[in-house]
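Inspection log for the structure reproduced underneath, given as structure tokens.
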2 protein chains.
Amino acid sequence: MAPSQISDDELGEIYTFAIQLGKDAGKMLMDAARLRMSGSEGVQKFEEKENAVDIVTKTDTDVEAFIHKSIAEKYPHHKFIGEETYSAGASKDYLITRDHPTWCVDPLDGTVNYTHLFPMFCVSIALCLDGIPVIGVIYAPFLNQLFTACRGRGALLNETQRLPLIRDSPIPPAAPKGCVFSCEWGKDRRDPAKGEGGNLGRKIESFVNMAVELGGRDGKGGMVHGVRSLGSATLDLAYTAMGSFDIWWEGGCWEWDVAAGVAILLEAGGLVTTANPPENYETAEIPDVRLGSRLYLAIRPAGPSETETARQSQERVVREVWKRVTALDYARPGA
Amino acid sequence: MAPSQISDDELGEIYTFAIQLGKDAGKMLMDAARLRMSGSEGVQKFEEKENAVDIVTKTDTDVEAFIHKSIAEKYPHHKFIGEETYSAGASKDYLITRDHPTWCVDPLDGTVNYTHLFPMFCVSIALCLDGIPVIGVIYAPFLNQLFTACRGRGALLNETQRLPLIRDSPIPPAAPKGCVFSCEWGKDRRDPAKGEGGNLGRKIESFVNMAVELGGRDGKGGMVHGVRSLGSATLDLAYTAMGSFDIWWEGGCWEWDVAAGVAILLEAGGLVTTANPPENYETAEIPDVRLGSRLYLAIRPAGPSETETARQSQERVVREVWKRVTALDYARPGA
């Protein structure tokens, strides 16, 4: 079955199925979290955080198996790529092709948060057609926040509130000043001063540039309104779609970390391109994100101002970010 | 009326009053936020973020006036300190004295988040007796999360779930490795390389030490499990009380930013001391936090292990943090 054969009605049916799947999977995550909590249900557990990792890994695997099975039963001809099944394989090749409708699923994003029971964790489900995510469902059960989008049908919070929350809000004229900047420290923790360093040093350089007062850092100071780190790429994208974050800049994610978020952000009117600045960052064309690139820069949905279209203002911010960030080093075969 | 004259029954009544006050004030915040949102209620607003600041300031003032009036009517002999009324005054003196029951209120914590409609904002209400916060109510209406505590009555999430979520969870033996570290970039954005620098440079040094691999940064690398920045000191403390964050380290807050959070964290079994390392950080006595000190280091509630009491493990983490952080410079007259 070629993607082009999927009718609009059928896409709507798949969307409904995906939303219910997200709700059911999120409930599984929350049920497992509740089992670990003491108190109201009378369960008292003595739990070391080390042991928690095993419990979390089992939940992760169980939820992916549930989602995989549900999709295979309903849509046996669709392809499925999940974090757990992928990680178990040897290849790190990019697997989303253009020739099949492909589900791209992270059963649990924000794994560290989930381990520590910080509420910023979620399930993330996307459907890609022609290699592009067109349906996105993100459900964060501890926050009771469900983000959904389907191409042509808009993006929603909890099935009623349209995203972004504030429509047609222009981007601040002196951006990144006035913007909320979302970023993550990640897992690469090599000492920037040792050997060839690593991505942490590049990130710190970039974060500090974005934060420091205007005029500081040899003109790279961006004086953002706030710097936020939640520990979930998926939720970073969802909050960018909401308009809560103006800018999200990150490297190292895999496609299941971002596919649903990209679908929701695009449908809400946001822009996603690459994290790494091209040589001529002031004039270079701004490419659409490549899902498997592991390098992402997202700008929130915007409204026009008296002097710019929405897209022009988003592209202005992309260049202002590129001016201030250091290229990250994340490899990816086959993307 | 001296604080010692407040009976346990009366304290319980005040607690009930404070919880309802928090719910009502949080609803005011959320109602004002909804007015700014487009969509479900058919309101379409063209809003520049610059204009949003004025709307937010008005809400902040209105909510504080509501809380102040409610308290004055119910408890005319109690003192009241609120962020808005304090900021309007000339003095920066510390105002919580030991001789009166004193309410310490932040009508809106996470102001930047509220302006951008990122859900991490809340109202924060504390009652101090003998200068110590004994009742704390934090309500984050967009998250639908209510944190409450009263001395001797425990700490709760949404009035039913006891805090911390996981009881008696030991602190990781190699902490800060294995810990979630919560910190904020704050408003002081002076370029670390210019003049005498500022607190941002000191913070960055400290954050990077906590994050880098073990063995890095000349032995100061802490390899924390995750670094989180939410933009609300109050909610940072609430999530530390929950056990979601193991460590919160911050400077620059005022007493209304932390009073309710400290009440909740202490009642949940956490520890709060000063952010700035003493000279002999390995052996120095660990002082209780001074509410007006503007320097805070909070450690989550813990359980004992085979070799340590809960308190011993918390103190171990305090020293491990002190080893890695740079003293911050926040002045405070009268504290």
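Cβ from N, Cα, C; glycine included.
Record features, source TrEMBL:
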BINDING   A:Glu83, A:Asp106, A:Leu108, A:Asp109, A:Asp257  Mg(2+) binding site
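Apart from A:Glu83, A:Asp106, A:Leu108, A:Asp109, A:Asp257, the residues listed for Mg(2+), the same chain places the Cβ atoms of A:Val105, A:Pro107, A:Gly110, A:Thr111, A:Val123, A:Ser124, A:Thr234, A:Trp256 within 8 Å of the centroid of those Cβ atoms. Listed in sequence order, A:Glu83, A:Asp106, A:Asp109, A:Ser124, A:Ala233, A:Thr234 are the same-chain residues six or more apart from A:Asp257 (Mg(2+) binding site) with CB atoms under 8 A from its CB. Around the Cβ of A:Leu108 (Mg(2+) binding site), a 10 Å sphere holds 28 further Cβ atoms from the protein chains shown. Counted within 10 Å of its Cβ, the other Cβ atoms near A:Asp109 (Mg(2+) binding site) come to 28, all protein chains included. Of all the binding-site residues listed here (A:Glu83, A:Asp106), it is A:Glu83 whose C-beta has the fewest other C-beta atoms within 10 angstroms. According to DSSP, A:Asp106 (Mg(2+) binding site) is assigned to a strand segment.
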